[in-house]
Amino acid sequence: MSSFHATTIFAVQHKGRSAMSGDGQVTFGQAVVMKHTARKVRKLFNGKVLAGFAGSVADAFTLFEKFEAKLEEYNGNLKRAAVELAKEWRSDKVLRKLEAMLIVMNQDTLLLVSGTGEVIEPDDGILAIGSGGNYALAAGRALKKHAGESMSASEIARAALETAGEICVYTNDQIILEELE
């Protein structure tokens, strides 16, 4: 078992808070659920940064380690660490073959980092990746827009993942939720 073939990660910045959620399902191949409670969202850099991944397990752990090293190297500068990781990921012969995507965030910044060298900061403070990403993204945008002050970032992150889990067969309801205050 070497791959998270299907996963949903969702991140939102709302009312001065940052939250990220991920489901726990690990699917092997196209038909077998191998695990229900995988932890695909983590706190890094002494709890000041959240990171979530979709993609191959070993590749994602390699990228977590590389990203955390870049955070240390650049004293917690999230944008600089993400750009430097993307540059290395794209240009290194071994890293270039890694199959994963990352969402990283701190209190001020939310970024998507991919192996093609892209570092994308969304306009609306919301990102989602993985098989249920589009469902979570749509739900999260609607919740953020219409819930206004009545929902917290954590509540939006949880509800977006719950919605994705109701629609996407590769997303379950075992939600891991992390928040920065």
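Count begins at 1; order follows the chain as displayed.
Each residue, glycine too, has its Cβ placed from N, Cα and C.
If you look up Swiss-Prot, you'll see S2 marked as active site.
Here Swiss-Prot flags G165, C168, T171 as Na(+) binding site. Secondary structure at C168 (Na(+) binding site), as computed by DSSP, is coil.
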Chain-mates of G165, C168, T171 with C-beta within 8 Å of site centroid, Na(+): T8, D23, Q25, S131, G132, Y135, A136, L161, A164, E166, I167, V169, Y170, N172, D173
Spatial neighbours, same chain, of G165 (Na(+) binding site) - Cβ under 8 Å, 6+ residues apart: T8, D23, G132, T171, N172, D173, I175
Binding-site residues: C168, T171 - member with fewest neighbouring CB atoms within 10 Å: C168
